[in-house]
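In Swiss-Prot this protein carries:
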type	residues	note
TRANSMEM	2-22	transmembrane segment
DOMAIN	3-128	domain 'EamA 1'
TRANSMEM	26-46	transmembrane segment
TRANSMEM	56-76	transmembrane segment
TRANSMEM	81-101	transmembrane segment
TRANSMEM	110-130	transmembrane segment
TRANSMEM	137-157	transmembrane segment
DOMAIN	139-274	domain 'EamA 2'
TRANSMEM	172-192	transmembrane segment
TRANSMEM	202-222	transmembrane segment
TRANSMEM	233-253	transmembrane segment
TRANSMEM	256-276	transmembrane segment
Amino acid sequence: MALLIITTILWAFSFSFYGEYLAGHVDSYFAVLVRVGLAALVFLPFLRTRGNSLKTVGLYMLVGAMQLGVMYMLSFRAYLYLTVSELLLFTVLTPLYITLIYDIMSKRRLRWGYAFSALLAVIGAGIIRYDQVTDHFWTGLLLVQLSNITFAIGMVGYKRLMETRPMPQHNAFAWFYLGAFLVAVIAWFLLGNAQKMPQTTLQWGILVFLGVVASGIGYFMWNYGATQVDAGTLGIMNNMHVPAGLLVNLAIWHQQPHWPTFITGALVILASLWVHRKWVAPRSSQTADDRRRDCALSE
């Protein structure tokens, strides 16, 4: 849980840094290439093939390609149509995707209690960030929702792989980032604009921060933390970046939030986490234990 909180704080800076200094100034495909390329370099020394099948390695590369490669390309394009606050608002459905996709991948019945606690988190984040949207609303909304879905598929896929095809996390992430990097290379050569390269030391510095710290270290901590909690808690924590991102905007760019809705929304998100951990998760575990006991008795 602590790793998820630390990463949320770290990522709160990423949204604003990219939106303020890179979006519209640096080619989005090049930004993705540098970001995942630097992250891949961080874990390159841990790349191992011994003891792992090609299928397992390929699956870890696939989830990396989805969670980082494709997700970044979609979300970075969305910055061209949305403000930072709008983009934050449109990510609030991610907990629902995470919870439902995990149930689908696990081939289990949909747990509506998990969906309910995730929906509370969605409501809380929506309270914080609901405001007037720009004319490019629909395009931006579509891009962000596709980004949310690919992020959820990658995150849940990684969690499932750790459950069914485990390997040391640092080895897994070497393949994870390699998959994302291959997607970014292909996208850059096919769609990139070489005329929109970083022009200032600040822009290069932000790219290095996003690649090494936010992606390289941040995603390792997030996905490692994801393996330590249930899918419902994971989905709710994913929405904590909304109040965290707003606090960063307040501290650095002095963008004042509407305090009544900010406090109300943050309390709803925290309440959703408390409700989930107090009632929903224990009840789901008890139900699963009862089913296993019934099956054992019937045998």
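From the backbone N, Cα and C atoms, a Cβ is placed for every residue, glycine too.
Quick caveat, the model's predicted, so the values are computed rather than measured.
With DSSP states grouped into helix (H, G, I), strand (E, B) and coil, the domain 'EamA 1' (3-128) comes out at 100 helix, 0 strand, 26 coil. Here the listed stretches are 2-22, 137-157, 233-253, and the one with the most C-beta pairs under 8 angstroms to the transmembrane segment (202-222) is 2-22.
Under DSSP, residues within the domain 'EamA 2' (139-274) fall into helix, strand and coil as 112 helix, 0 strand, 24 coil.
Confidence over the domain 'EamA 2' (139-274), given as mean pLDDT on the 0 to 100 scale, stands at 87.
With a threshold of 8 Å between CB atoms, the same-chain residues lying at least 6 positions outside the transmembrane segment (137-157) that come near it are 59, 62-68, 70-71, 74-75, 77-78, 81-82, 86-87, 90-91, 93-94, 97-98, 101-102, 105, 222-223, 226, 231, 234.
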